[in-house]
Amino acid sequence: MPQNRRLTVLSGPSGVGKSTVVAELRRSHPEVWLSVSVTTRKPRPGEKHGVEYYFADDEEFDRLIESGELLEWAEFAGNRYGTPRTPVMERLAAGVPTLLEIDLQGARQVRCSMPEAQLVFLAPPTWEELERRLRGRGTEPPDVVARRLEAGLVEMAAEKEFDVTLVNTSVKDVCHRLIALMRSSSS
Ligand SMILES: Nc1ncnc2c1ncn2[C@@H]1O[C@H](COP(=O)(O)OP(=O)(O)OP(=O)(O)O)[C@@H](O)[C@H]1O
Ligand SMILES: Nc1nc2c(ncn2[C@@H]2O[C@H](COP(=O)(O)O)[C@@H](O)[C@H]2O)c(=O)[nH]1
């Protein structure tokens, strides 16, 4: 079995609930390994280096790109985000089910470099609910929310590029379905 079939990518518009689903999965399914990305974004209150992200400055991010240490990377709403390559490859080589929570541009890069990976699109129940969740989170000023919603329109239009869509009405239900998809793709 190609080891990359153990890789699942979760993408979807900003505010749909990806991090919430990942946090629930971390709690309920510790057998799944969740990649920790590097970002140039500043930490939100409560975010810890090495837990939600590795926080880096532009110089360090440039170095990671140049040295080929990122499996994929993208600029999203004014910040850069990337997946450290080595930890992912090590987990896949060891047969560990592995999940990346990344944006559409990153998902496209993974599709090219690892075509056996399973790409899952997380969709909101409605566009109005997406806006409500993103604004309700209260972590970004209005201009950044607007940028993220603009990117969200592009992400929603790309849903067909993904293998499966899950609608995030209930976090527990999405986790349940995601785990089932991860099990079936790697069996
Ligand atoms: N099923 C759900 N029902 C209602 N609210 C939800 C649901 N899932 C997530 N939320 C809420 O929506 C908001 C956005 O969720 P979250 O931060 O997980 O989104 P995200 O997709 O990771 O966003 P980003 O891409 O900007 O990081 C949060 O306040 C979260 O509590
Ligand atoms: N291409 C990548 N996108 C990533 C990565 N890590 C996170 N993300 C995506 O960025 C946006 C914004 O995240 P936020 O934490 O600032 O709200 C969101 O869509 C994430 O999925 C990555 O390594 N590569």
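Each residue, glycine too, has its Cβ placed from N, Cα and C.
Listed features, source TrEMBL:
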type    : residues                               : note
BINDING : G12, P13, S14, G15, V16, G17, K18, S19 : ATP binding site
DOMAIN  : 5-183                                  : domain 'Guanylate kinase-like'
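Structure coloured by features recorded in TrEMBL.
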residue : record           : Cβ within 10 Å
G12     : ATP binding site : 28
P13     : ATP binding site : 28
S14     : ATP binding site : 22
G15     : ATP binding site : 23
V16     : ATP binding site : 27
G17     : ATP binding site : 23
K18     : ATP binding site : 20
S19     : ATP binding site : 13
Averaged pLDDT score, the domain 'Guanylate kinase-like' (5-183): 97
Three-state secondary structure, G17 (ATP binding site) (per DSSP): coil
8 Å Cβ shell about G12, P13, S14, G15, V16, G17, K18, S19 centroid, ATP site members excluded: L122, P124, L130, R133, L134, N168
